[in-house]
Amino acid sequence: MTVPENAQHTAPDQTQHTAPDRTRQAQQAAPDTAGRRLIELMAGFWKTQAIYLAAESGLVDAIAAAGRAPAVELANRTGTDPDALGRLLLFLESLDVVSGEDPAGYALTPVGELLRTGTQDSMRDHVRIYGSHFYRAWGALDHSLRTGRSAFTEVYGSDLFRYLNQHPDLSLTYERAMVAGTPFFAQVPEVHDFSGARLIVDVAGGHGALLHEILKSCPEPRAVLFDAPHVIAETADRPIASEHGDRVTLVPGDFFEGVPQGGDVYLLSRILHCFDDEACLRILAHCRSAMAPGGRLVVVERLLTRGTGSSLAQGYNMHMLVVLGGGRERDEDAYRTLLEKAGFQLDSVTTLPLETHLMAATLRR
């Protein structure tokens, strides 16, 4: 076809795309987007181990001590290879754990600050146990998938709680990690009224971090912190003992055998999700029989919800399978049914941060 001489030519980069062109481009972009997303999901272990080693190697503490430092200096401080550490720092910068670049050096971001040793809001112990023992257990996910049993037990030859009892250093890390993952504890006494309580029994309360927050806000009640003997032995220098020693009794024991008597409030914070329904009913039965007339039960757990968005509860539901075998997260209806079978009625459900909920229950009439 002959083009008239006076016709205006359209530059190639100004050509208007037709509908088929746009459809073709969208089809080409979709696999790239999906492929990138799949790679990011598949390589999640890159992030886990990078963050774990940033804490475990002393890198984060070295950066904190220097304020800002280049890779070579940080390699000298941590006894690592300068090139390898430089690569790790670049990756951590992409994850928003550190900021900066060489030669000016790297500093910690707010995320990186959470990996420091000994700071008030530190999540270092959380990262340490997830990046080591739990990481190895997840490597045996196929065992849990085939058998429905704990991959942790398969890898370490012992269930988690027996293993912690046999390894005091890890037990201490675990209990500190459990506190590090609970920034919502301070809000519990804000959303639930403990002022009328006379005796609060915290069942399997660890080092007493939740009980500490409750007693700080409510000066009237006395309390019992009840947990395994090796856990109770670790609480001597914790705030629950040092700040509330005259109000708190530390009691070692096994909640499958019984719980301390006479409480009018029994706390179960992130305990029931560790066990199957049968074991939960045993724990709840002991709480019911020990409870003073008119007593109540306070349960803190993540609740499963339906939806396609990101959900910590869905991830922890898998984590309970891998690490504990019989453990599981449950939805509100499942907890209501469980409580009713144990002789309680669910009175209220209150939302807390990190997809956690406080469920208050009383004895059924």
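Cβ from N, Cα, C; glycine included.
Annotation for H273 (active site, proton acceptor): same-chain Cβ neighbours under 8 Å, separated by at least 6 residues, are E301, R302, Y316, M320, G327, R328, E329, R330. If you look up Swiss-Prot, you'll see H273 marked as active site, proton acceptor.
The S-adenosyl-L-methionine binding site annotation in Swiss-Prot covers D227, G253, D254, F255, R270. The Cβ of R270 (S-adenosyl-L-methionine binding site) has 18 neighbouring Cβ atoms from other residues within 10 Å, across all protein chains displayed.
The compositional bias 'Polar residues' annotation in Swiss-Prot covers 1-18.
Per Swiss-Prot, region 'Disordered' is recorded for 1-32.
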Who sits close to F255 (S-adenosyl-L-methionine binding site): which same-chain residues at least 6 apart have their Cβ under 8 Å from its Cβ? V203, A204, F226, I271, I283, H286
Under 8 Å by Cβ from G253 (S-adenosyl-L-methionine binding site), counting only residues of that chain that are 6 or more apart: F226, D227, A228, P229, V259, P260
Name, in the order they occur in the sequence, the residues of the same chain whose CB lies under 8 A from the CB of D254 (S-adenosyl-L-methionine binding site) and which sit 6 or more residues away. A228
